[in-house]
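Asker: Here you go, one structure.
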Amino acid sequence: MTVNRIALVVAPVVLMVLTVIGMSGIEQCLSTFGKTDAARLALGRIGIAFPYVTAAAIAVIFLFASAGSAIIKLAGWGALAGSAATMLIATMREASRLAAFAAQVPAGKSIASYLDHATLIGATAALMSGCFSLRVALIGNAAFARAEPRRIRGKRALHGEADWMNMQDAARLFSDAGGVVIGERYRVDKDSTAARSFRADDPETWGAGGKSPLLCFDGSFGSSHGIVFAGSGGFKTTSVTIPTALKWGGALVVLDPSNEVAPMVYEHRKAAARFIRILDPKEPETGFNALDWIGRFGGTKEEDIASVASWIMSDSGGMRGVRDDFFRASALQLLTALIADVCLSGHTDKENQTLRQVRANLAEPEPKLRERLQSIYDNSNSDFVKENVAAYVNMTPETFSGVYANAVKETHWLSYPNYAALVSGSTFSTDALAAGETDVFINIDLKTLETHAGLARVIIGSFLNAIYNRDGEVKGRALFFLDEVARLGYMRILETARDAGRKYGIMLTMIYQSIGQMRETYGGRDAASKWFESASWISFAAINDPETADYISRRCGMTTVEIDQVSRSFQTKGSSRTRSKQLAARPLIQPHEVLRMRADEQIVFTAGNAPLRCGRAIWFRREDMKACGGEPVSQGRKDV
């Protein structure tokens, strides 16, 4: 590779210099072909300019021959050096010629009038090739015209004139002052490395990535929520989560199944006077009481208890069988009654009013649990508890067994001491998040999230409701950044935050792998469309799903292109050829082009604006983010 680099720089310089020197005196040979004095003079003039024009042509040919190379910028610098050497030789030759008779120039006449026009023409050709070489050296392969249809705008745009948002409009819409990092302000498809696939371990494929200004969202328009769609291995964490965690200045809640974000941003956010809390089943010493917010700041205890029970029970946005729905609803009511008994009956100490205690009360043999329910009905101080328990006091054993099995199954993760400690601890309270000085990183790995989604739902739901119940009386805004959010299943509180979160200081940014994941979670096409209508911005990157690619293509719109059509006809008398131009409709970007986009490129949609095609802010390409991000910290240093 080093030899190739040296060759690309040295070869054009050597070829151009040898051409200029080797073709010296060619004007004498050319002039012999003339039959008259005027012809011989003209050929002699051409011969003087010919070496320089030939050298310029060599530079251009060399650049076009190198087009598509990953290191074409080196060829550009080499051709530029060769052009400079050619102009220097022309200047020295002309200067020595003029110096020979400079003393004989008549008074009042400039020596510039004696400049050789043929030499000037040759030097100008070298200058033009040098300018093109400089362009190639600066922008690489983007200096060459792309083979694409000519787009028509204005009155002739019969089929539409959809176009990409320009970078100036993007800078106004997503200013650098925002806290949620969207991407980088440059067109990847017009970069010098656009023809090559992005490789994280090969800086030569990065192009302008990492050096361009950031595009950031400040929550100033729309609902303030964002959705990111990126396929598996699509740099979701490195391009969205980590950059935002480094730049966001308010309260932050991150669901991070990769467990990579907190170690990277820990020191940076700590230096910004943030209190960092990391909820990790591997380190259960850090936890909070998921019931400590119940009944506070305007919400009734009964409503809040029902909300907690709904997070524990898995739900679906789609249709369910009647039998399944009955047992689930009954189990939900039983769980609500047991949580209410712990919080409202008055026989449980304040420090024991936790989900761990709820599970302990539930995880009893059926006969003993039925006795407990009878005792709760007889002795509880809360009418709400009695009314919810009443249905189970005289329930038939067969039906109660089905209800009991559902309730035990949905709460079995509370039997794990490390899981229960996360939502039954006392390290911090939900008030700390609402105060705006605390960040929470939920480090639940993908396997745990898949099998015990209720754990993450309870944590996220508690934080959301703790802020929601304050009716906007929070410091700044709290950003909930949820990776692999499809694993949580259906959560009604997320829909509430989607529709009314802006008023209460809640911002959501959710990451899915495809549109199909969202539709599966929320029950079909119509339910998922509500999220598209409510989101301030939607990003698509590293798409591998044809359905998602088709959606992107349709949403970008149609454009009008001009097509050259050539028809040939052959007859006995000869052949004829007819050439015509016609207008045709073409998507701004076709589905197969979406699937072939580089991994560091994305398309961002916002309401009322043209689609934005830009780069992604992959943190390890940016020196400013590498200076802020650190190496993973030790497991013992989790809380500050």
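Cβ coordinates are placed from backbone N, Cα and C, and glycine is handled just like the others.
These numbers come from a predicted model, not from an experiment.
According to Swiss-Prot, the protein carries these features:
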- 6-26: transmembrane segment (TRANSMEM)
- 46-66: transmembrane segment (TRANSMEM)
- 70-90: transmembrane segment (TRANSMEM)
- 120-140: transmembrane segment (TRANSMEM)
- 215-235: transmembrane segment (TRANSMEM)
Asker: Can you name the far-off residues of the same chain, 6+ from the ends of the transmembrane segment (120-140), with a Cβ under 8 Å from a Cβ of it?
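Answerer: Sequence-distant neighbours of the transmembrane segment (120-140): 48-53, 55-57, 59-60, 63, 72-73, 75-77, 79-80, 82-84, 86-87, 90-91, 191-193, 207.
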Asker: Mark yes when the transmembrane segment (215-235) and the transmembrane segment (70-90) have three or more Cβ pairs under 8 Å (sequence separation 6 or more) and no when they do not.
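Answerer: Per Cβ check, the transmembrane segment (70-90) does not touch the transmembrane segment (215-235).
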Asker: In terms of Cβ proximity under 8 Å, which residues at least six beyond the ends of the transmembrane segment (6-26) contact it?
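Answerer: Result: 47, 50-52, 54-55, 58-59, 62, 66, 69, 71-72, 74-75, 77-79, 81-83, 85-86, 89-90.
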